[in-house]
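Listed in TrEMBL:
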type	residues	note
DOMAIN	18-54	domain 'F-box'
REPEAT	126-165	repeat 'WD'
REPEAT	166-205	repeat 'WD'
REPEAT	249-288	repeat 'WD'
REPEAT	289-328	repeat 'WD'
REPEAT	329-368	repeat 'WD'
Amino acid sequence: MLKRDFIGRLASYGLEHVAEKILGYLDDQSLKSTELVCHEWYHVISEGMLWKKLIERKFLSNSLWRGLADRRGWTKYLFRQLIINGDKPKRHEFYRQLYPQIIRDIEQLENNWRTGNFQLEKIQCRSQNSKGVYCLQYDDEKIVSGLRDNTIKIWDRKTMECIKVLTGHNGSVLCLQYDEKVIVTGSSDSTVRVWNVKTGELLNTLLHHCEAVLHLRFINGTMVTCSKDRSIAVWQMNSPADITIRRVLVGHRAAVNVVDFDDKYIVSASGDRTIKVWDTTTCEFVRTLLGHRRGIACLQYRDKIVVSGSSDNTIRVWDIECGACLRVLEGHDELVRCIRFDSKRIVSGAYDGKIKIWDLQAALDPRSQTASLCIKTLTEHTGRVFRLQFDEFQIVSSSHDDTILCFNFLQAESHVLSICQTQATNFTPSTTMIESSNNENSNEIPSNIFQSQASVQSIMSSSSSSGK
């Protein structure tokens, strides 16, 4: 068989951009191995900034990488670099060291979730009369909370201070959601109110339900509300001032505690122990999910999966298409009041004051042992947990104890951050680096790159051998 160095040939013919394009499809392990082939291949990788491009691909395709970049401060080194205070543009070697540091940061983050290693911040809401925070939503700048004392309080994420109080409800604020324009709240006074998210001005009051509005969701011009009056209302949101009822769904035999929906299904859960599924477009009933032994207090629906929590103290994972219960999670001692999940985890809060973190992928695997499903239990609240929200880096929860707790699982200090800071002006490794000149032989590979990577491969090989 003929062996041809096609990468080297392309480079010698002035087609380095084609060689870079080919090698640009490699993952990190393949890119490491490719660097070891020869000087020409290493030259293509370094001149093409392929480690930088690999980081940029991860940034664009993965929300964890994007969030980490923002929090660690290396976003400015991607794409068109921001040159600050005369800083020189970063070269290949910088990104080659940055990538493994990012991987270590992600591994440490995952380990923190498993071990319960977090930094805790607390907001004392200091309600005047009735104490308790029933609902919340957060972003990088603010936390919006609905309180038992009839108010909506907005908190600054950096200072943890209250920056605005919205008043107008005549009962406890039980549910809320906001976007870039409005905050929509539901209350035990039976009303739904719409507020300007920036100014706090009351824009609209919706009167339909005859008892407490227990939950609401809105997206893309559609809003769904549910109530203690056993009904579900589907609304058309043309503007904050123009919101009209499209359909009322009736079928539950007790208070409807929670709703969620997407373009295909509306999902509702009730004190009657059932979860009902409705067609979002036609609003026609589709099916009922049966299994909980007592009333259902919370659920979330996404990607064909429904996760629900009940006053039978259990969590159930469902396939919405066939209605099958895929897993029952047991561990809480009282009513499961709030539940959220993403592609990796389920996080639940209950009246026992505990927040539990569960392994979703293991829960979906019928071979997994039940005892291995709960990853960690957090016991920082001193009262019932009413609501929580989480992302890759944190959990934010609220409670009857009148506090909002922020559990940050990302370490405050990082090797990645130190690289960005200490090497902001010059990248100075311990070995002789590539120097640019007009001489085609002047691009020398760092003298220890082959030795160090070969050592790593040797260690991995010996480990694999010893494990057999």
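Heads up, the Cβ atoms here are built off N, Cα and C, so glycines get one too.
Heads up, TrEMBL stuff is auto-annotated, nobody curated it.
With a cut-off of 8 Å between Cβ atoms, the residues of this chain six or more beyond the repeat 'WD' (166-205) that come close are 130, 132, 134-137, 144-154, 211-218, 223, 225, 227, 240-241, 243. Within the chain carrying the repeat 'WD' (329-368), a Cβ under 8 angstroms from the stretch's Cβ atoms is held by residues 113, 297-300, 302-303, 305, 307-311, 313-317, 374-392, 395, 397, 399, 401, 407, all 6 or more beyond its ends.
Across the repeat 'WD' (249-288), DSSP classifies residues as 0 helix, 23 strand, 17 coil.
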